[in-house]
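What follows is one structure encoded as structure tokens, with my remarks underneath.
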Amino acid sequence: MLKTHSCALTQENVGTEVTLAGWVHRRRDHGGVIFIDLRDREGIVQVVFNPEQSAACLDIGKELRSEYVLQVKGVVSHRPAGTENNRMPSGMVEVVAVHAKILNAAKTPPFYINEEVEVDESLRLKYRYLDIRRQGMKNNLIIRHKAVRFMREFLNDQGFIEIETPILIKSTPEGARDYLVPSRLFPGKFFALPQSPQQLKQLLMVAGMEKYYQVARCFRDEDLRADRQPEFTQLDMEMSFVDEEDMMKLMEDLFTGLVANVRPDMKYNKKFPRISFADATEKYGCDKPDLRFGMELADITDIGASSAFGVFKNVAAQGGAIKAISAPGCGGYNKSQQEELINLAKKYGAAGLVPISLGVENGELKDLTMEMVKSVAAKYLALEEIKTIAERSGAKPGDLILIVAGARKMVNTVLGEMRNQLAVKLNLCDKNELSFAFVVDFPLFQWDEEGKRWDSVHHPFTAPLESDMPLMDTDPGRVGSRAYDVVCNGYEIAGGSIRIHQADLQRKVFHLLGYNDEQIDERFGHLLEAFEFGAPPHGGVAPGIDRFVMLLAGETSIREVISFPKNQAAQDLLFGAPSVVDDKQIRDLHIRIQAEKE
């Protein structure tokens with residue numbers, strides 16, 4: 001080894017002769033004595049080049065610049081009194097160099113490595129190997145390593161075995177577009193990269209493996225956003241002879257144990273509340289609610305229906321919904337600020353937004369007067385009606401009530417989005433808190449108005465509630481599913497369900513989704529045939545590793561916890577991928593590039 005110790009030296013190492021190797025983090029010339037901060041993965045330590053110890057070392061010290069790779073030998077010493085640095089873990093000690101060797105020089109980096117300054121993300125991704133040298137990215141990857149290591153150890157202790165499944169599989173579209181791989185040996189035929197190992201892990205249950213897991217790479221050719229990548233990693237799990245309670249207990253123990261081991265400084269709930277899908281959408285406007293703050297959606301349809309406000313009366317008469325949320329402390333918003341909120345509501349599909357300001361002074365709701373209320377709706381609503389709206393939405397004097405009216409689904413979506421954005425703007429979320437919950441009681445199917453057909457809410461392998469089986473023939477929209485999601489801080493961090501394990505029931509679900517028998521047999525025949533050989537009852541779940549590590553690290557994009565991510569256009573800026581390949585490779589694959597029509 002070119003080093004005997006890491007740079008994470010402490011007072012316990014005083015008097016020890018060490019050989020270190022790392023990167024020059026900073027260099028300071030103090031009139032004949034040169035100081036550098038030497039950095040490796042474990043830490044940073046000050047190294048002193050003093051001519052009284054070694055003139056040759058001083059000469060090397062004069063050559064050093066930021067990011068040079070250096071080997072240095074010396075003795076760990078206490079720093080002189082008054083020069084200690086309490087901001088560094090190694091700030092009480094230094095290494096006095098007696099031998100030094102430059103292992104490699106370095107060009108000037110395109111951005112500072114030794115400062116956590118904001119750098120354009122495209123530049124960071126192009127030079128990701130330099131970006132990872134920075135403390136924030138390095139810490140994120142270490143958190144990821146610790147999280148994955150805990151997951152493996154936890155599941156091993158629970159009797160699971162890790163089994164790898166193929167990356168080249170058959171294309172059986174499950175929602176998103178597949179990444180296709182043309183076969184050279186079978187012209188005109190294609191493999192697909194797995195969107196998840198869903199069918200493979202179910203086949204492992206048929207095979208009698210009972211408890212399986214895998215740190216699985218998954219691929220989906222879909223539009224990107226902050227928490228999506230074309231390739232991502234999930235902790236894939238499946239168990240035989242279990243029900244929903246077993247799987248939810250496993251998830252609760254896994255996530256709480258993980259936080260306790262990897263980020264014990266974070267606040268988290270050890271028992272996960274259960275929220276029905278219906279309650280989640282009605283109270284929070286989405287099926288992955290952030291429970292770190294209140295601001296629940298309040299239904300005020302009955303108040304609007306009996307009020308003198310024509311807009312509200314019409315919506316209620318047509319079977320629509322009228323709902324409100326309270327923005328705490330925003331009663332003093334001016335016209336421009338309120339207009340900004342109105343435009344935000346319109347962006348998400350609302351025809352408009354009705355703000356009701358309860359004044360700028362904090363106080364009790366019982367003390368509210370009409371003089372304090374500022375709103376275009378004030379002349380149509382009685383004081384008692386406004387007080388009731390305030391009471392339901394949790395508003396008090398000094399707050400701003402925001403009301404949306406229209407189709408119920410739209411109202412929930414708009415206020416749900418506004419709730420989340422206002423929470424960020426008003427600093428209502430504690431970044432150091434993880435608020436877990438289970439979302440349950442999902443419907444099995446949802447109607448696709450555009451395609452005029454039923455879709456799976458989760459995926460087509462999710463089992464229906466046994467009590468709802470008769471409804472599959474008469475009213476599929478009312479069939480409940482045996483699905484369970486884990487949500488945290490406004491993200492779905494794990495989705496799971498008890499699976500269908502009978503061939504006839506699985507075929508029936510496919511029929512409801514619009515597949516004919518020929519399509520079913522061509523795409524899923526292998527699975528249905530396997531179910532005829534004694535498939536056990538089974539269920540599974542797949543926590544998203546990228547997304548949960550993002551929350552553990554306090555980040556807002558999964559790109560911050562992936563070593564070499566794609567950008568939001570699904571491009572790899574470091575390698576320049578996707579890229580053009582030569583004509584011979586194209587011909588060997590028996591494919592032809594067709595120019596896109598303008």
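Cβ from N, Cα, C; glycine included.
Per Swiss-Prot, L-aspartate binding site is recorded for GLU174, ARG220, HIS458, ARG499, and the stated evidence type is sequence analysis. According to Swiss-Prot, the ATP binding site annotation covers ARG220, ASP221, GLU222, GLN229, GLU492, GLY544, ILE545, ASP546, ARG547. Per Swiss-Prot, the feature region 'Aspartate' maps to 198-201. The annotation site 'Important for tRNA non-discrimination' is assigned in Swiss-Prot to HIS30, GLY82 on the grounds of sequence analysis.
Fewest Cβ neighbours within 10 Å among the recorded positions HIS30, GLU492: that distinction goes to HIS30. When the Cα of HIS30 (site 'Important for tRNA non-discrimination') is compared against those of the binding-site residues ARG220, HIS458, GLU492, ARG499, ILE545, the shortest separation belongs to ILE545.
Averaged across the region 'Aspartate' (198-201), pLDDT in this predicted model comes to 97. Looking at the residues that bind ATP per the record, ARG220, ASP221, GLU222, GLN229, GLU492, GLY544, ILE545, ASP546, ARG547, the two CA atoms farthest apart are separated by 19 Å. There are 18 other Cβ atoms within 10 Å of the Cβ belonging to HIS458 (L-aspartate binding site). On its own chain, ARG220 (L-aspartate binding site) has ALA176, ARG177, TYR179, GLN195, ARG228, PRO230, PHE232 as residues at least 6 apart in sequence with a Cβ closer than 8 Å to its own Cβ. Secondary structure of the region 'Aspartate' (198-201), assigned with DSSP and counted as helix (H, G, I), strand (E, B) and coil, comes to 4 helix, 0 strand, 0 coil. A coil conformation is recorded for GLY82 (site 'Important for tRNA non-discrimination') in the three-state DSSP classification, outside any helix or strand. DSSP classifies ARG499 (L-aspartate binding site) as strand under the three-state reduction.
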